[in-house]
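Chemist: Here it is: the structure, laid out below.
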Amino acid sequence: MGLAGGARVVLFVVAAAAAAALTAAADQIFTSSGAPFGRNSREPRYHVEFHPVDAPFNPENGQESVPMTSHVGKHYTCFLPVEETKTMKSIIPQNATNVIIESERRVKPKDPDELLEILKDQCFYRHEGWWSYEFCYYGKIRQVHVEGEKVIQEYVLGEYDADATDAYYENQTSDSADEDDNLIDTSKRYHVHLYTNGTVCDLTDMPRETEVRFVCSEPTVVISSIKEISSCKYVLTVQSPMLCKNPLFQQEKRTLSIHCNELLAEAEATVDDDSLPKEAQIIIPDPDGLHNYAAYAT
């Protein structure tokens, strides 16, 4: 969607997003008519991040950009969440406090393994005190202790087991998820891969094994936790933004980021607010006034 033809659409998305994101500063976000935007409890949560000139956000290909102005006159180029720009069809301002969003026609979502395929041949790391962990998608999980550049201790916590993973889903019951305080009532919100045949455990004389849980979470892929739930049996949780594209794994209110790059003074001179519809000229709070506040809609 081009800015000329879709400025009203995109800027009203940002307005709704900003009103939802900056809860404490919502009264500082206005249309050019001076009326504030209301918040819709059904909308996703938004987090607005401001980036200085010397450390700009690098947008993805096709990510929609929107010119914005702070209340002290600073100019920014703000980038909408990619998912939002792909799913919003039209936004019609009914009045100064309401926005109606018409969704694109429904498209059958990809299954989890299709979405996670992008992780193939990639490895991710986590450090926890004495131990460091390496998780390789469709590969191995290692637990190591390193001193300098030398590995002092190493255990393999499992290798990807396609057969065991298939059997897990064939035999899955409501009791299949471990009673984990962080995952209660979310048994349908993570996708499991099983890693088996790791280093033999001294306590059980059985190979170590790990259940890898992929959860919907933005903005990047990261190992969020690893726990030993019983002797030499582990649960490793991986935050996976690509999984959020499947509605089954979406939280009730997802958190999406709007990134705003500050413009150089010479670039600011090229921003012509008069070229935009008056109702689309939006004033946002200056980041200095937010004190790095990252607010979310309640």
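Using N, Cα and C of the backbone, Cβ positions are placed for all residues, glycine too.
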Chemist: Kindly point out which candidate in GLN122, GLN143 is recorded by Swiss-Prot as part of the mannooligosaccharide derivative site with TRP130, TRP131, ASP202, ARG208, GLU228, TYR234.
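Modeler: So the mannooligosaccharide derivative site in Swiss-Prot includes TRP130, TRP131, ASP202, ARG208, GLU228, TYR234 plus, from the candidates GLN122, GLN143, GLN143.
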Chemist: In Swiss-Prot, CYS232 is listed as disulfide-bonded to which of the following: CYS201, CYS216, CYS260?
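Modeler: Answer per the record: CYS201.
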Chemist: Can you tell me how far the Cα of ASN171 (N-linked glycosylation site) sits from the Cα of TYR234 (mannooligosaccharide derivative binding site), in Å?
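Modeler: TYR234 (mannooligosaccharide derivative binding site) has its Cα 20 Å from the Cα of ASN171 (N-linked glycosylation site).
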Chemist: Check the Cα-Cα distances from ASP202 (mannooligosaccharide derivative binding site) to the disulfide-bonded residues CYS216, CYS232, CYS244 and tell me which is shortest.
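Modeler: Comparing Cα positions, the candidate nearest ASP202 (mannooligosaccharide derivative binding site) turns out to be CYS232.
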Chemist: Pop the Cα-Cα gap between GLU228 (mannooligosaccharide derivative binding site) and CYS136 (disulfide bond) into the table, whole Å please.
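Modeler: About 18 Å separate the Cα atoms of these two residues.
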Chemist: Taking the Cβ of GLU228 (mannooligosaccharide derivative binding site) as the centre, count every other Cβ atom within 10 Å, in any protein chain shown.
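Modeler: GLU228 (mannooligosaccharide derivative binding site): 13 neighbouring Cβ atoms within 10 Å.
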Chemist: Three states by DSSP: which one describes TRP131 (mannooligosaccharide derivative binding site)?
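Modeler: Its secondary structure by DSSP: strand.
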